[in-house]
Amino acid sequence: MIDTNLLRVTVCDEGELEKSTTHFIGSRKIEPEQWITWASECKYLPESDAVALCATLIDRLSLEANVVPVSSPVTICGDIHGQFYDLLELFKTGGTVPNTKYVFMGDYVDRGHYSLETVTLLFCLLLKYPNQITLLRGNHESRRISNVYGFYDECQNKYGHGNVHKWFCKVFDVLPIGALIDESVLCVHGGLSPDIRTIDSLMLLDRAQEVPNKGPLCDIMWSDPDDDVEDWVISQRGAGFVFGAKVTEEFLMNNDLSLLCRSHQLVDEGFKYMFNEKLATVWSAPNYCYRCGNAAAVFEIDGNNRSTKYFNAVPDGSREKPDRVVAPYFL
């Protein structure tokens, strides 16, 4: 059973942000309405605003539990990977914030052309509507990965230095690592860990750090399910494990859960059930890396009702293409 005393509700009342569009951190104005307007137009914030945004979220998220409780109805989303215009298409498909409640399962940055604008928009929405959007940490929300696969270079190119990247990574450190929907569905980015048998154990991890190369925090970000595996196998990714139906069913039974929901792996159709519908993979980056040709999906939960909505990539003519090279990489 889950110790519900370990679950901390969101500490910031979004009503306080609704009362006024301007707030302060130190001497810096916090202007969520203006920031959302800019970010929705694929514009990144001035450096001082970006730092203020990050500092505010760090203070708030540091008080959150590792696994945050979420009530349905809610829409679950997978990897985005800097595909800003496809994120807008996702909102057209699933509904806008705050009209639709969302859980995003990580990997907002790297690979796509607009990692900075993508994560900025999501962070601004989180600031304005903390009870309507939950952002989990993925394996790309780390210094080690984002330094290499696009996000650091993008911040460097757009701001002229790496300071903003450092601030975003500080926010990444305190993003929750799981969401528990209706005390029945657990959402994480990657998968399970042989060192974590219960949600209570997951709650006790020290998440406020760089994602390590091994251990349970690493496993939650990096592990994958496999139909051909029964127990635990070391992953060929170089981090995490591959796990099977037996492991999944035992974890669900031990924690009185009905479903494990995750992302982390490209699914051509955008959504895939495994293990007799005990595990679901959601993928929300259509035409991944602008070449894979895959569809994308969002997964809707409303009590015992579950449904999937699919969407495709925005046509090339509807998106701008920056002059920048994406490093060859496929995780």
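Using N, Cα and C of the backbone, Cβ positions are placed for all residues, glycine too.
Per Swiss-Prot, the candidate among Asp49, Asp107 that belongs to the Mn(2+) 1 site alongside Asp79, His81 is Asp107. Report note: the Mn(2+) 1 site is defined by Asp79, His81, Asp107, and the residues of the same chain whose CB lies within 8 Å of the CB centroid of those residues, excluding them, are Gly78, Ile80, Gly82, Gly106, Tyr108, Val109, Asp110, Arg111, Gly138, His140, Ser263, Ser284, Ala285. Excluding Asp107, Asn139, His189, His264 themselves, the residues of that chain whose CB lies within 8 A of the CB mean position for the Mn(2+) 2 site are, in sequence, Asp79, Met105, Gly106, Gly138, His140, Gly190, Met221, Trp222, Ser263. The Cα of His140 (active site, proton donor) lies closest to that of Asp107, out of the binding-site residues Asp79, His81, Asp107, His189, His264.
Each residue contributes its Cα atom, and for Asp79 (Mn(2+) 1 binding site) and Asn139 (Mn(2+) 2 binding site) those atoms are 10 Å apart. Taking CA atoms as the reference points, His189 (Mn(2+) 2 binding site) and His81 (Mn(2+) 1 binding site) are 13 Å apart.
Taking the Cα atom of each, His264 (Mn(2+) 2 binding site) and Asp107 (Mn(2+) 1 binding site) are about 8 angstrom apart.
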